[in-house]
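Right, one structure below, let's go through it.
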């Protein structure tokens, strides 16, 4: 593990000041070796010390010398942006350094931390209260477990049904309205091309796009900003263990579903398939929680699945169901949830997720087939299908061509990520200061899309007699005579899904190389500009359409060079689409299965897999994937699938500074309030103070208490004057019921009088009696795997001491997010937390 730029021992930690962040940034900018972490104190100790001494007069004065550190500022992405900027610029400034960045001589450990993010509690609390509840349930445990097993499968069924209803509703709405929209525009284009009044259809096109997009952008911006984009990066972060406020709310559902319809109808270069994963996750979370949020209140339905662990499983199933309904790929949707989203898996969860995805696929197929007038044929398994390719075979001599296309896809994908990153940073610095600017930018992009579509149709002005492959394709004659039509109208007078199908299946002579080249350049720029707007939009379909366009262009060249070997450009368009999607998103297994399921031909699976793997490798050489880039820019601390390299020699005792705040089994209410007001930790060790030590943080470990538990105990006033018995007792429902206690309860919402602050509170019945513990010599790699594999939020590192025959005591410390900034100290024991 690379050490921080400034090593500090216990005595030096007392000298830290507010200049720490500036010094760290200076070192980061001037030093050639990457500095992994920056730290800054976020509070002074004067106010909290006085409060702590007031309500805890017997406490020692260690708090006066205690400095609590957090990384970042107020939850913004300032430090994150600097680290990503240096990363991307260094890669393009000197590619030769790429080979040294992950070598033994210069290891890289990049951790960007922002304190506003809170983690989920996946670990069950082993408290006396839980044990008493289990004792009461012993007699009916078998019946209760059987009932819970049945209900869980039934809920997965409902998740699939709900996602399919939503997918069908969104698809039908888009198809009906967009068809009428483009028919109107084509009508005026045909008329005005003869009467020299082309400004009229352009004005109509721009006005329709502008009005619809402004409405969709306003819905997302002012109702729920978490609904912007595809939502997959945030869903991935949630399933990794990060609590994202507002992500699974009713407002987000409305803004996401209605917003994606308006985004597509507004002419933006986006798709509805990505947002389906987010929408499916919201449906699953709502069904799992059993409550309907209505303004500031919740309508209670049932309370069987309320823990973070259960809701996580439902959200994973919802995300898989959304992808399955979008592409008609239940296996691909399950693998997508495994590979791209969730971090913690087991066999039962895989079966639940696959069952939900299969139900979503079948139900969507039935609904769309019924809409087409033949419900029993089941010929529409997903919102977008690549349809059947007439000649989807390949020769071994074509594999080198596919490899070259994969490299091109990886390069274009890396360029897409870099340009979108730069644009995202520019938006955060200058455009996202006011909400009206977000809405105005989305409207501007929609108008530009309409103008570019018209200019390509007018400027290229190529006529073709080739019949479009789609039955209901909208075309415009626009200066063409006879049975011919403008070739570019097939690509722009349709939705992005229709554009993709045209590029995959239209005849060879439908588009000229000049038309395709112009389309590729401008559509690439529009796609980069669109992703990141304050609208509900996805990147799946634009990526596939862009790759299909340049894949079709390369296929036309192969046909000209080898007319006997290559007769169909459709498969080259398919390879281009796959490599472009892999180069942008950097997923392999799930995308391979999704594309194979969409085409319905397994014989071409080898070529698709090779293409996706190579495009991912090429893209990873330059940048991270698009979703990972968005997560990093947002400052969300994400646990990767593997621990950092070369960290086996880093011990648990070296991870962070000390000491951490700890709590006694019976504590003063005023001291608890002081801690919750001034600290951001979400877990506190319960200890008995060592009478031989002057440090309050040293003592025998009894358990662990969560911030949320302390808040509820204060809200319920589970305390009494010192020396008197606490009569009020809490039950499990008091901790899980969102009706009696607000879901987002904070210390500011609790009213405690001055007299009550001198009362005492007993945390022993509610604390986790058996928290996970390790020794100080535990390596960082093993700590990382424990957090990743078990879904931990807290890990206690204990050190045994035998002094004069006394019992074992511990000393502890904490960080706000794990793995986080690691201060070079030698604590005898540590509490590692994901806060």
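For all residues, glycine too, the Cβ spot is worked out from N, Cα and C.
Because TrEMBL annotations are produced automatically, they should be read as predictions rather than curated entries.
Here TrEMBL flags 1-59 as region 'Disordered'. TrEMBL lists 41-51 with the feature compositional bias 'Polar residues'. The annotation transmembrane segment is assigned in TrEMBL to 149-174, 202-223, 244-269, 314-337, 349-371, 399-418, 439-460, 511-532, 539-562, 589-614. Sequence annotations record features per position, and here TrEMBL assigns domain 'CBS' to 656-722, 767-828.
Same-chain neighbours of the transmembrane segment (349-371): 152-153, 156-157, 159-161, 163-165, 167-168, 171-172, 280, 284, 313, 316-318, 320-325, 328-331, 333-334, 337-338, 377-383, counting only residues six or more beyond its ends whose CB sits under 8 Å from a CB of the stretch.
A contact links the transmembrane segment (202-223) to the transmembrane segment (439-460), because at least 3 Cβ pairs that are 6 or more residues apart lie under 8 A. When Cβ-Cβ distances below 8 Å are used as the criterion, the transmembrane segment (511-532) is approached by residues 229, 268-270, 412, 416, 419-420, 423-424, 427, 445, 448-449, 452, 456, 459-460, 462, 464, 487-488, 491, 539, 542-543, 545-546, 549-550, 552-553, 556, 626 of the same chain, each at least six residues removed from its ends. The transmembrane segment (399-418) shares the most Cβ pairs under 8 Å with 589-614, out of the stretches 149-174, 314-337, 439-460, 539-562, 589-614. Per-stretch counts of Cβ pairs under 8 Å to the transmembrane segment (589-614) identify 314-337 as the leading one among 149-174, 314-337, 539-562.
A mean pLDDT of 80 is what the model gives for the domain 'CBS' (656-722).
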